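Colleague: Sequence annotations record features per position, and here Swiss-Prot assigns active site to Asp146 based on similarity to another entry. Here Swiss-Prot flags Lys150, Asp182, Thr219, Lys220, Phe221, Glu222 as substrate binding site, drawing on sequence analysis. Annotated compositional bias 'Polar residues' per Swiss-Prot: 1-10, in sequence order. Sequence annotations record features per position, and here Swiss-Prot assigns region 'Disordered' to 1-21.
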Amino acid sequence: MTESNETPNTPEAGDESKHRRIKSFVMRAGRMTEGQQKGLEQGTPLFVLPLADAPVDYDQVFGRSAPRSLEIGFGMGHSLLEMAAAAPDQDFIGVEVHRPGVGALLNGVLTQGLTNLRVYDCDAIEVLNRCIADNSLDRLMLFFPDPWHKARHHKRRIVQASFAELVRSKLKVGGILHMATDWEPYAEYMLEVMNVAPGYRNLAEDGKCVPRPAERPITKFERRGERLGHGVWDLKFEKLA
């Protein structure tokens, strides 16, 4: 559900690939429904933001100053739409490269008449580095990222020490990094990374995972998993001064 991009870097790609940042995603083609195509055609000019070369003034983009959340890898956008609709006094930024997902979200924005949501359809790390000012986000959400199960692919996981450091620089003091996964080994891995990341406090009473926060909508995929006895692990970390 998190990100996507070009062909993954491999040694066979030549020497140039060795100097590229390893991506946590692979671009996959997908069929577009009529609604998704409509969303892209009508919603892109209104709600999709271009990569910038300097931090963006989102107060100007949204026409107000409000609490601001960013979700990396919103998939088909159901959760992000629900959160934005439920909190009209807050602003939301979604990042996703899967075109059908972007189209689905934009179609929902148009259908529901939402004005508090904007989208980037490119690499989330590029968005954080180039568009998001330091100390500006109230919350960053990473729900059900690709766990890259095989050990040789662990380097592709988005949650790394460098990611934790980058996110911390973008969060306000007291801002929250909220992650969720349905694969327990990945939850344990994320805890290992975050528990040694400087400048964070784990909000779980036991120092592990928090109960599912009410503000995170339950997806159809998650409900199906619950019926099958599958678990979901939520992690919340607060940025310290």
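Every residue, even glycine, has its Cβ placed from backbone N, Cα and C.
Just so it is clear, the model here is predicted, and its values are computed rather than measured.
So where do these features actually land, and what's packed around them?
Modeller: DSSP gives Asp146 (active site) a coil state; it is part of no helix or strand. For Asp146 (active site), the number of other Cβ atoms no farther than 10 Å from its own Cβ, over all displayed protein chains, is 20.
In the three-state DSSP assignment, the secondary structure recorded for Phe221 (substrate binding site) is helix. Taking a C-beta cut-off of under 8 angstroms and a sequence separation of 6 or more, Phe221 (substrate binding site) has the following same-chain neighbours: Phe144, Asp182.
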Colleague: Quick one: give me the count of other CB atoms within 10 A of the CB of Asp182 (substrate binding site).
Modeller: 18
Colleague: Within 10 Å of the Cβ of Lys220 (substrate binding site), how many other Cβ atoms can be counted across all chains shown?
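Modeller: Its Cβ shell of radius 10 Å holds 9 other Cβ atoms.
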Colleague: In sequence order, what residues of the same chain, 6+ apart, have a Cβ less than 8 Å from the Cβ of Thr219 (substrate binding site)?
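Modeller: Sequence-distant Cβ neighbours: His78, Ser79.
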Colleague: Should Asp182 (substrate binding site) be counted as helix, strand, or coil on the basis of DSSP?
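Modeller: Looking at the DSSP assignment, Asp182 (substrate binding site) belongs to neither helix nor strand, so coil.
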Colleague: Rounded to a whole angstrom, what is the C-alpha distance between Glu222 (substrate binding site) and Asp146 (active site)?
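Modeller: Answer for this pair: 15 Å between alpha carbons.
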